[in-house]
Amino acid sequence: MAFLLTTRRLVCSSQKNLHLFTPGSRYISQAAAKVDFEFDYDGPLMKTEVPGPRSQELMKQLNTIQNAEAVHFFCNYEESRGNYLVDVDGNRMLDLYSQISSVPIGYNHPALAKLVQQPQNASTFINRPALGILPPENFVDKLRESLMSVAPKGMCQLITMACGSCSNENAFKTIFMWYRSKERGQRGFSKEELETCMVNQSPGCPDYSILSFMGAFHGRTMGCLATTHSKAIHKIDIPSFDWPIAPFPRLKYPLEEFVTDNQQEEARCLEEVEDLIVKYRKKKRTVAGIIVEPIQSEGGDNHASDDFFRKLRDIARKHGCAFLVDEVQTGGGCTGKFWAHEHWGLDDPADVMSFSKKMMTGGFFHKEEFRPSAPYRIFNTWLGDPSKNLLLAEVINIIKREDLLNNVAHAGKTLLTGLLDLQAQYPQFVSRVRGRGTFCSFDTPDEAIRNKLILIARNKGVVLGGCGDKSIRFRPTLVFRDHHAHLFLNIFSGILADFK
């Protein structure tokens, strides 16, 4: 097992990184091969093309049971560790995608391995309770040690779920209940409401809506899919709701050269948000809430300014709409702050905030006023998993103890600077470099070139992800450090130099 392997410590020299850029040269860094993290490998090791023969055979077998066309390769998770993912053919790759941004502190972290092995934790991993009715004795303590210790400003209430989609789906329900409760006032449910809700009719099922943005991704369940607008294949053939969809800013880069253009673009989008709220109120499909990602991820790593989000928050407040921030992909530290919305600098950033991925469990925080008025209104069998809360508490301890948020900010600056250097050297392949922390991306000329670059990088020992129509995104772990950035930049510079 990887976590039983003898740990290693190789200390980085203090020599400054050396960047050499001449016409036609490749990115060179003397720091690229340095290792300073005790359970990491020292670099990629490739034995076959990926997917290799064993992966291909397993893909054929899986395809007899389900559609396996999305599978990239099969993994050996016992041998994977740190920032490196090992496949079943023995290929060791620097993983900058980290299970679609869901691995917080690397593979097989020794502290988590130790936690799993402790006898007092065995029952937590063996028994999965129905938390809504039969929680374990230590459930409250573990919530306080884990999720409540990083609760966003103004949100003292928490409901745990299993994934990002069910987190947003139930957040929508919470918003609808809150909005109807405001309209209803102190009186209870009427007989008509109780009867009509059973046949999907108003007033029991009011025609409320959630406003979302083009390019957004909020999940694949029915309500979430109505607010997801990133790829047609996610939505085709699925019935949906008549809910408003606003344009999300499409910023021009470099930002400092297009300040006025980008301000006008954001103003246009905000104006459309207000127009849609008014329009849907007149259509009797009142906008009960607005959902937005701090950075549109699946839709192409689309950014907006902090000022845009502050003004959007004001619009929600002005029109009495709940403001739901989807931190499923941006949360957990990858932007250099624990929650990406902290960059906005607001004392009242949101009414509801959803999370998952790096948080190891799903769920949403919310203000006291959004608390469901009765049991079973927001409910399912498991309501998350106590074992994930146990692991998350240790992850948060490690983030604090090892100052990983500052590490993300520093490593992210190294990565972003290197990408900007590559953009200057290979503008025909790399454009619109952007990012916050290690949450970085760039555009390629088209989808075909993007996909080819990702495949070549994988065969060179680097796992990358795509997003949007033609973007490459970076989603490394929080233990991704400067030397990992330099290692990637050296490899990718060589790929670009040879690309045809």
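Quick reminder: no glycine exception, Cβ is built from N, Cα and C everywhere.
Annotated in Swiss-Prot:
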{"type": "BINDING", "residues": "CYS163, CYS166", "note": "[2Fe-2S] cluster binding site"}
{"type": "BINDING", "residues": "GLY164, SER165, THR381", "note": "pyridoxal 5'-phosphate binding site"}
{"type": "BINDING", "residues": "ARG220", "note": "substrate binding site"}
{"type": "MOD_RES", "residues": "LYS231", "note": "N6-succinyllysine"}
{"type": "MOD_RES", "residues": "LYS252", "note": "N6-succinyllysine"}
{"type": "MOD_RES", "residues": "LYS252", "note": "N6-acetyllysine"}
{"type": "MOD_RES", "residues": "LYS279", "note": "N6-acetyllysine"}
{"type": "MOD_RES", "residues": "LYS318", "note": "N6-acetyllysine"}
{"type": "MOD_RES", "residues": "LYS357", "note": "N6-(pyridoxal phosphate)lysine"}
{"type": "MOD_RES", "residues": "LYS413", "note": "N6-acetyllysine"}
{"type": "MOD_RES", "residues": "LYS413", "note": "N6-succinyllysine"}
{"type": "MOD_RES", "residues": "LYS452", "note": "N6-acetyllysine"}
{"type": "MOD_RES", "residues": "LYS470", "note": "N6-acetyllysine"}
{"type": "TRANSIT", "residues": "1-27", "note": "transit peptide"}
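Pairwise Cα distances among GLY164, SER165, THR381, the recorded pyridoxal 5'-phosphate-binding residues, top out at 16 Å. Residue pair LYS357 (N6-(pyridoxal phosphate)lysine) / LYS470 (N6-acetyllysine) shows a Cα separation of 23 Å. Most Cβ neighbours within 10 Å, among the binding-site residues SER165, THR381: SER165 holds that distinction in the structure as shown. Taking the Cα atom of each, CYS163 ([2Fe-2S] cluster binding site) and LYS231 (N6-succinyllysine) are about 20 angstrom apart. For the recorded positions SER165, CYS166, LYS279, LYS318, THR381, LYS413, a Cα-Cα cutoff of 10 angstroms around ARG220 (substrate binding site) retains SER165, CYS166. With every protein chain in view, the residue among the modified residues LYS231, LYS252, LYS318, LYS357, LYS452 whose Cβ has the most Cβ partners within 10 Å turns out to be LYS357. Long-range Cβ neighbours of CYS166 ([2Fe-2S] cluster binding site) (same chain, at least 6 residues apart, Cβ-Cβ under 8 Å): GLY219, THR221, GLY362, ASN380.
Of all the modified residues in the record (LYS231, LYS252, LYS413, LYS470), the one with the smallest CA separation from THR381 (pyridoxal 5'-phosphate binding site) is LYS231. Calculated from their C-alpha atoms, the gap between GLY164 (pyridoxal 5'-phosphate binding site) and LYS231 (N6-succinyllysine) amounts to 17 Å. Closest to LYS413 (N6-acetyllysine) by Cα-Cα distance, out of the modified residues LYS231, LYS252, LYS452, is LYS252.
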